[in-house]
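Lifted from TrEMBL, the feature list:
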DOMAIN    8-124  domain 'Response regulatory'
MOD_RES   ASP57  4-aspartylphosphate
DOMAIN    143-197  domain 'PAS'
DOMAIN    216-274  domain 'PAC'
DOMAIN    271-316  domain 'PAS'
DOMAIN    428-561  domain 'GGDEF'
DOMAIN    570-823  domain 'EAL'
Amino acid sequence: MTQYSKADILVVDDTPANLKLLREILNSEGYKVRQLPDGAMVLDAVKIAPPDLILLDINMPGMDGYAVCKQLKAKKQTHDIPIIFISALQETENKIKAFTSGGVDYITKPFHAEEVLARVATHLQLNELRQSLAERNNQLKTLLQYHRSILDSAGEGILGVNKQGNITFINPAAQQQLGFTEQELEGKNLRELIHAEVTPTASPASAKWPIAQTLSDGKTRFVNNEQFFSKKGFAFPVEYTVTALQDEQNQYNDAIIIFRDISQRKHMEQRLREAATVFEVSSDGVVITDSQGVIRRVNQSFTEITGYSADEVIGKMPNLLKSGHHDNNFYATMWSTIMKQGRWEGEIWNRRKNNSIYPEWQVITRINDNEGRTTGFIAQFSEITRRKLTEEEIRYRGNYDILTGLVNRTLLYERLQQAIKEQRRHKQKLSLLFIDLDQFKQVNDSLGHTIGDHLLQQVAKRIQTMVREVDTVARLGGDEFALMLLEQSSPDASERLASSLIAHLSEPFLVDEHEIRIGASIGIAIFPEDGEEVETLFRNADLALYRAKEAGREQFQFYTASMTIALLERQQLEADLRYALAHNELVVYFQPIVDCKLKQLVGVEALVRWIHPVRGGISPGVFIPLAEETGQIKQIGSWVLETTCKQLGQWHKQGYELYASVNVSACQIPESIPLDWVKNLLEQSQLQPKHLVFEITEGILLGDVEQVSNWLTQFRNFGLRIYLDDFGTGYSSLSYLKRFPVDTLKIDRSFVRDMAEDDSDQALIRAILAMSQGLGLQVVAEGIETSEQLELLQDLGCTYVQGYYFSKPLPAEKLLPILQNIGNCTR
């Protein structure tokens, strides 16, 4: 009996004697035997109860043994049943066919009982071993899958390497962190992924390499000073553990590396270092307490601000800094806000170690753990003594004029608002005076801004000496001042004060060794007659000042309703002028200029005229000053210059070689008339520089002397001529004739008008002509209306003349007949 005696054996043979004999042999060893005479019956029988082994005949009716064997081996259920062929066929090809069809052995007939039993036992044993090995393999496979799932689910990257440093394994976490697939890394040397902070010079197997050391001595090592490179070439910091694996010969030929990307930790460490640095070097004081408010840490700035060292305050409560400046309610509200909102910010007064009290701006923040429990507090504060002083200075600058120390426009507005309420309540009046200094600009331009500033300071002091303490003196800006008069502020009192101010301000000022004379113009508005609101009083006082300045120097004017009407008319005129510019309502007229000696027309003066569609012709004396105030003169002046050049070019083409003089306003210099633009105009009109004259007034020369001189010089060097218009009527100074490149003086019509009857006018003209001749200047006399005036000027040696005696200003087309009689223009 064998250990396999209980095995179930199926015998298939179509010969009953063979079946009987085999059954007896197998039963003798205790095997369970089933018998089938037909191969086809085997397929059904094994489905019901698969045997442990089959003895199968080859030559059988229906289906032979080869076919049966093939079908059994083709099915998963019966594939592993060992089949031993028993046949009388002894040819080698039969045996080969049997084995290729799936048989495990071949017994030839006649057979011996001992052989059959031996082979059956052997194959039962082999089958059992096979099944045991398969089961063991399945167990190992399951264990391997278990371990692999652990590796695959690990958050750390895991690499397997051999002794040469070549990668043999990589888990998904490592693939994700490095960006490589398993196929891309297998066989790649680990050194290609590592960048050591201190790069070894030895080979990968060198003992200097931690992995090589571990593979050498088997000791597990932890490394935290290296970087790995991802597939994209980005380096990231890692820490890793390397463990050697021992083979059957106790050799360390492989190692497992478990690594972790520590970028976030490094970033946090850097942030902590930065925070620690900020904590120490911050100019703000910082206090850190525990949840009970006990001080645990302070920085250097805390010591510098409070005078307490860290050792003196750590372990104590912050209330040692209390100044006594705040009551208990203040602190209760502060801590209530901190506990409810997590933060409080505000101004607080504390006490230094030396007992001095100081203001600080403090921010207290509550620190919570992950469960929301309070673990401590951080207080950050800065001393704001300087800031409060700065705020006071800003507040002062916002309400006072820095130069003079007077109230500025903003504070005057506020005081006037309050005063109006008070005066309305008590049914009293108040006066608002606007003061503008006459000739201040000339002082500023000629003597410099420093002298001008010192003069303003003296003016402010002189005004202050003339008013009461209840009144307000303000500087509105530039050379404009204002007075708000309270208590018994009647029109008579305002008039007396205005007259006195004008008188006192006209007295000379001694400023830095310069004796300076100026004047003042004053506009007055009375509450409530002239306005019950601040804006109204401001506007009406300004209107009155404007009217006073129009009336001449050193005047004062009370506001009247007619001034508002005039303002509205002025605003309408301003709008009409803008419309006129856009719709070609302006025209250029020309007045002849005659050579006294040759008695020929040699030039024309271009004069702009405005033909209003409703009002008709508007005097240049009305719209030119308006255009200068509004800035429209720049556009007008450019248009006049362009139009004049075009018309002059047409006359030249017709054979009339004249020059044209164009008036230039101070507002146009220098930006509105650049030299290159004028050159282009002359080229387009085919004119020479000598054909164009710029007429300037003495007022222009009172501006920025250097700028005006440079502008005039560049045009004079280019070839244009410069006329000084209205000579003798402005702030005439012989120094102008020396400093500025002037060619010709124009004597104003006011001297010419009465020269036949007034010996003094004639003497002035004679003096101007003599002076001009001495300086090499030519002269044009304006306003010639009679032959007597012409003869006198000719006798005095005047160079050129113009006036209604020859022609009034005319449009270009009406001037043509005079041009055609150019040689007979003196009648």
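Our numbering is plain: 1 for the first residue shown, then up by one each step along the chain.
Including glycine, each Cβ sits where the backbone N, Cα and C put it.
Predicted automatically and left uncurated, TrEMBL annotations should be read as such.
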Excluding near sequence neighbours, so keeping only residues 6 or more apart in the same chain, what lies with its CB under 8 A of the residue listed as '4-aspartylphosphate'?
VAL12, ASP13, ASP14, THR15, ASN18, GLY39, GLY65, PHE85, ILE86, SER87
When secondary structure is assigned with DSSP, how many helix, strand and coil residues does the domain 'PAS' (271-316) contain?
22 helix, 10 strand, 14 coil
Mean predicted confidence [pLDDT] for the domain 'PAS' (143-197)
77
Of the listed stretches (8-124, 216-274, 428-561), which one yields the highest count of Cβ-Cβ distances below 8 Å with the domain 'EAL' (570-823)?
428-561
Just to be sure I understand, if DSSP states are collapsed into helix, strand and coil, how many residues of the domain 'Response regulatory' (8-124) fall in each?
54 helix, 23 strand, 40 coil
According to DSSP, how is the domain 'GGDEF' (428-561) divided among helix, strand and coil residues?
58 helix, 39 strand, 37 coil
